[in-house]
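**Q** This is the structure I have questions about; it appears just below.
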Amino acid sequence: PLVSGCGTFTFLSSAVAAVSGLLMGYELGLISGALLQMSSILALSCKEQEIVVSSLLFGALFASLTGGFLIDRFGRRLAIIIASSLLVLGSLLLLPYESYGILIVGRIAIGISISLSSIATCVYIAEIAPQHRRGLLVSLNELMIVIGILFAYISNYAFASVSHGWKYMFGLVIPLGALQAIAMYFLPPSPRFLVMKNKEEAARKVLERLRETSDATKELTMIKSSLKDEHQYSFLDLFRSKNNMRARMLVGLTLVFFVQTTGQPNILFYASTVLKSVGFQSNEAASLASTGVGVVKVVSTVPATVFVDQVGSKTFLCIGSSVMAVSLVTMGLVNRNIHVNFTSVCRSQSPEDFFLQRPGNLTDVTNGSLKDLFASMALPERLSFDTQRSPAFARTGELNRTALAGGKSTTGSHMESGEVPVVLKWFSLASLLVYVAAFSIGLGPSKYLI
């Protein structure tokens, strides 16, 4: 066997399913670099950039509310096939157009896809894995996620200086998604799902193939027993003290809550933007620095994946959380001494700045009144205004603003000039990398296992 105590077919089936994690990680990390290009080409305002990023989460929210029902109704394997197909369709939708609206629709479709696949993949792997190797194989999905993030950051850097490189970034995922959908078709359904559908003989054959044995009666009996126990509980039992269900649910919710509130998802989405704001001036430099984030995530996740069954997920969680706290405090102290220009990247393409570039407007209208003007505009008018701007016109406007301002930003009241000290810049990056590493050891895999 490829893994001690785990059959070859079981491991290969888990690896194919875990490709969903690779696709998920790629889509999560991709927007970090793609946003730098899209914001310029599509002339997106700050709010529109935020909507582009969060539209994926809107899709994920929808899928998370319905995913449990879908995988119980149609099966884990079929749910993964549907998710991969939807990701391919959503990515294909983004390639031919340069439209803000199409971009949102495509991102929502991809969000639905990665959320559904993340639910189905973890359940599928857990149900085909032998009990003593379940932690390792489920953690394989987390490892694939961080590898996907690394590939996304490498892609961001590779296409940072390529014209319309963001389309290549989105397109690279299409062949892999299609291959996974095809490969999953030839893998067996989850034996537990088959038992749920009263197909015990089919479940027995699947278990014999997965375990490479001629008799899977014992494990089949255990599955039937666990399903019988599950039927004793209702949804409301999650909020009761029966068999400590309320405490279990609170532990799970707390872990997921801290995964979000510790800021890790924001680092993935805005890594290049954040690094650009603390001193990595060009798109290429910011994308290259963010690649270090991907490398650290992969290197840190490997020991957590390999040793989780021996050391225990709780131990990793305690170590990782402690180091995260120290690194966040260090990062905060360092950044207090850095002028972090949070708005410089997105404000350079805002409608009010664009309007200021036009001849005759600089002397007639003040910056403050322009803000009031654009704040009062209706959303359809705003979208129409942005959609009609061509990439060439947006780039011309940027050159005009630089020339008119004498090399200084027109929104000088909101920004300060000055280079970030080299030591502080790299110290900030080092603190960020330590934080990412600690998350990958602790909260990263623990949310799936505890």
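Here, residue 1 is simply the first one shown, and the rest follow in order.
Using the three backbone atoms N, Cα and C, a Cβ is placed for every residue, glycine included.
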**Q** Quick one: sort out which of 15-34, 315-334 is the transmembrane segment according to TrEMBL.
**A** 315-334
**Q** Would the transmembrane segment (51-71) count as touching the transmembrane segment (138-160), if touching means at least three Cβ pairs under 8 Å and pairs must be 6 or more apart in sequence?
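**A** Between the transmembrane segment (138-160) and the transmembrane segment (51-71), which are separate recorded stretches, there is no contact, as judged by 3 or more close Cβ pairs.
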**Q** Which range wins on Cβ pairs under 8 Å with the transmembrane segment (285-308): 78-97, 138-160, 166-187, 423-444?
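**A** By Cβ pairs under 8 Å, 138-160 leads among 78-97, 138-160, 166-187, 423-444.
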**Q** Counting only residues 6+ away from its ends, which parts of the chain sit with a Cβ under 8 Å from the transmembrane segment (103-126)?
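**A** Distant Cβ neighbours of the transmembrane segment (103-126) are 14, 17-18, 20-21, 23-24, 27-28, 38, 42, 51-52, 55-64, 67-68, 70-71, 76-77, 79-80, 82-84, 86-87, 89-91, 93-94, 97, 134, 137-138, 140-141, 170, 190, 448.
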**Q** Counting Cβ pairs under 8 Å that are 6 or more apart in sequence, does the total for the transmembrane segment (166-187) and the transmembrane segment (138-160) reach three or more?
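**A** Touching, yes - the transmembrane segment (166-187) and the transmembrane segment (138-160) meet the threshold of 3 or more Cβ pairs under 8 Å.
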